Amino acid sequence: MASAALLIGSSVLFLSHCSSLASGEDAQSYHVVRNHNSSPEVVCSSSKGSNATALPLVHRHGPCSPFDDKKLLSLEEILLKDQLRVNYLRRSALKPSAKPQVDDSKASIPAEYGGGGYVITVGYGTPSQEQTVIMDTGSDLSWIKCKPRNVCYSQKEPIFDPSQSSSYAAIPCNSSDCSQLRSSCSSSCTYVIHYGSGPKRSGVYSYDRLTLSPNDVIEPFLFGCGTDNERLFLNAAGLVGLGRGKRSLVSQTSQVYQSVFSYCLPSTPSSTGFLKLGEPGDASNTVYTRMQTSSNHPSFYFLDLIGISVGGQQLDISPSVFSSRGTIIDSGTTITRLPASAYGALRSAFRCYMSQYPAAPPTRVLDTCYDFSGYETITVPKVALLFDGVTMDLDISGILMHGCLAFTGYKGGRFGIIGNVQQQTFEVVYDLGNERIGFVPQACS
């Protein structure tokens, strides 16, 4: 194929011999597995990290999940939930005067925020009561469901019973923690969960012991003890907030772990990654980009996305396309959202390289899909996200999802989102003290 010029919006993208790419350093191949009757190899153990500070991180619907329901979601279900997550994040950012989640008089948590693909198991109370919770970088407040409950609800472990913990205490109104919330409570600090029909009182801010491992116990740990969480997170006990706010797990353990945490999301539900508090496992192999801050939503992790390359060629996209609204990296969003013009450039380049494969119908926001039936090996161009100081060469699992290009575009005055599909197999390091985000390739499988 001779050089061609493709008009995308107001910019011109030059592609050279893209359809001739079959192998080499600018492409990657993988074997197509079609025997759906055989079970994939399952590795339910953490692959890296310190034993003292690393927790196994598993897909909530995969075979390593502690939940009884291990049925994987369909692509349609994944995308529906993902859009709920994106809507939640962007609704929060639409309020210029919004304060961090629990720095207002009452905390707001979405009833069905769509995120929550990965879970860890921790212990609350004395003696420790195991609770499997969702890992979430888009939230500050950690919370779990507590007795007494006003509704019957499915959950793997017994619901946390504060009366059985010798170290539990509700936060009184006259405490400094409550005064920072400016709460008008009468006996203890409360928080609110927002259902679709409006806010509903759900529980109290509380202190208790948090057990991460036999050698890692946090006391006192501030969390939300919820007694009315109908329809919230199905069989998960709650979530652990890893945002940048004062009440997140990261902030509460800053003196112990120096405000550093990391995670590695496995490439398949049949494998296990890790969540680690403290320095990354391979500090010498970590490359960092600057962590940015948005005054509109200071709990989110913003970074400088400046470009994209396909097949070793950087696309002709001005960095201002990304910087005009910023880009966050989020553990709960699945599909990466790019500005419309940037996604258009990526899609055109990718389609050019993949022109030898028949197209398949789109599924919701995924509009670049292929029919790989009849192929034993698929060759895909390398795709890299370019950050300030960092080139992130995506794993094949971060490029294709169910045979579709795992990106989509958006219009309007919103921020971009780096989703968890693109983060798979990387150890993503959040160093809040030095205001930087790092990446370690091939940290888990």
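From the backbone N, Cα and C atoms, a Cβ is placed for every residue, glycine too.
Not measured: the values here are computed from a predicted model.
Per TrEMBL, the features are:
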- 1-24: signal peptide (SIGNAL)
- 118-440: domain 'Peptidase A1' (DOMAIN)
- ASP136: active site (ACT_SITE)
- ASP330: active site (ACT_SITE)
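The average pLDDT for the domain 'Peptidase A1' (118-440) in the predicted structure is 89.
For the pair ASP330 (active site) and ASP136 (active site), the Cα-Cα distance reads 8 Å. A simple way to gauge crowding: the CB of ASP136 (active site) has 24 other CB atoms within 10 angstroms, across all the protein chains here.
Cβ neighbours within 10 Å of ASP330 (active site), excluding its own Cβ and spanning all shown chains: 23.
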